Ligand code: HDD
């Protein structure tokens, strides 16, 4: 396991323990000269002139008009006037981190991609997580799909795995993408709503386009309100190809499995967090990395030999379908660790430019019509977003591999290419740079030689025709709690739809085909009649449920990085509080001591205990669990409305609520019903029960009792 002291991208590679690393490091350093540190430096203009006065513009007299010749002010304001670039058309709200990928072994039978051959090789990565609908400043915890884009800086060029936290997509063909995005984005007349899909145009579109049914049920599930970016699965969505040195191809689906577990917020929490901490996910990732709780994911693939392409009851090229893991298990390939926060949000996270078309030898596309359209769209969008075709020269996008070619000039060219021949072949510059023929290793890129014999037509394959059976499989694979959340999410979202015919169409023509009970429950909450039957014949799948789809089966390996609030007040038993903190820190839990205010509290033995924040400043929604510190402080907390709300809210959100012995009477007085997550005690046993409850993430058995507690 990487230690807390693990090195960031540059210094990770700075080790000279293997020639490979030293080599990569040299390349990296040449790119990193643009990282600038102003410590000890004079304030200067962009032209390098030292500035004597940065407070006053040049004027004719102290009260006189400003002078046009003030080149210092003009430069400063001109630059400021142009600081913004267009935000991404989708996925505008995002956050990034650096890290590395390490292969578990040599995967030569599967692919010749160099970064998947050697467990010693450290491949730097940059990851950007995002929401889809909202603008750059929108909330982190809205109900939405999350982007999960990874740029691997491999020795053979950049490989971008531009995925989401859901394994399917809303549409089957890229030609529908602008329609889908226009429907989900804020409505054009009033630009409402920000960051969500609970509005007429979204539901109008998806209720008219049944191929969206599977993705929409994922979006109505807990997956769309992840607890943290660290607790999301990632998916490449499309079927890709991996090609080995012999040219043998396998179909694959990429998966990222988080070691931290696949955990979600509750809807009430998500809504409250959107107001109380707009940056909740961003902050969580940042703090986890800063405190050495480096998030880790396992990269795996589901492998389907070419010969088995047609063995499934769905089409591998259809991006609205999963391959159930019970049919094809995920083969682990390696791990990704995020261990360094960016130095500069704009330069790195905002300017990073992903494209599914960035692949390396050993990886190739399939004819998935959604993927094919994406191959065009991303580079195209970077040209207007980043101001021209040289966006690959922006430091965060530069490959570690050299990139000599005859492409030249254009806006913002940075590289000073030497030589006279910007064409190939040439006899002037010795013929350089030259082509590299394909080879088993280190050869030039060669597309997989797929035989195509077809008519040029605009047509959807019949094999893409079943839109409901996998949505049904998803619903039937959920636990009762997860199913209830799905019912509530549809009801909430459709409840915001003004036009009744749209609500009714979603219920009768989409939900009824997924599951009649689901449709009936949503209909009841909308005041609509329950549909008696679906509108299409849905094929019956051999698989009745896929346990891999339920988050209940992915609670994570440990409680490392989970967040606990320790409530204290004057009179607290300092020794007990200290013991608890030590026990939790031993499990790498992040603990925040919260008091009635931000001022330190007095312990029973007359010492002071520093607090991290007030209970108002860091509300219960920001935590996984709460512990009330023992001693006389409990009496003070009892009379504090904010503390009472803190406990009730944590209880309502099914979090472990615990405390030292004195807290028990308080919990009883609040009418909290006993369960496996309501704990009190001073001994090691109580702490153990608490950490075990945190490991289960929520006290699901409490869900019914918690409904009675006011929100
Ligand atoms: Fe896309 C951004 C993921 C379909 C066109 N997309 C974008 C990002 C992610 C995805 C994670 C943000 C990357 C970043 O952080 O910078 N997109 C997906 C997935 C899809 C998908 C998983 C389906 C499987 N996208 C898709 C289609 C098209 C696009 C079909 C167009 C035909 N996507 C874009 C884009 C964006 C983008 C407009 C906006 C900003 C950018 O590319 O760089 O080109």
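Every residue, even glycine, has its Cβ placed from backbone N, Cα and C.
Counting only same-chain residues at least 6 apart in sequence, those with a Cβ under 8 Å from the Cβ of residue 91 (active site) are 130, 131, 132, 147, 149. Per TrEMBL, the feature active site maps to 91 (among others).
Within 10 Å of the C-beta of residue 164 (active site) there are 24 other C-beta atoms, taking all protein chains into account. Marked as active site by TrEMBL: 164 (among others).
If you look up TrEMBL, you'll see 88, 128, 177, 374, 378, 385 marked as heme binding site. Taking Cβ-Cβ distances under 8 Å and a sequence separation of 6 or more, the neighbours of residue 374 (heme binding site) in its chain are 162, 174, 356, 357.
Sequence annotations record features per position, and here TrEMBL assigns domain 'Catalase core' to 44-432.
The feature region 'Disordered' is assigned by TrEMBL to 1-26.
Farthest C-alpha pair in the heme-binding residues 88, 128, 177, 374, 378, 385: 21 Å apart. Take the binding-site residues 88, 128, 385: by the count of other Cβ atoms within 10 Å of each Cβ, the lowest one is 385. The Cβ of residue 378 (heme binding site) lies under 8 Å from the Cβ of 162, 353, 354, 355, 356, 357, each of which sits 6+ residues away along the same chain. In this view, residue 177 (heme binding site) is surrounded by 18 other Cβ atoms within 10 Å of its Cβ, with every protein chain counted.
According to DSSP, residue 164 (active site) is assigned to a strand segment.
Taking only the Cα positions, the spacing between residue 177 (heme binding site) and residue 164 (active site) is 15 angstrom.
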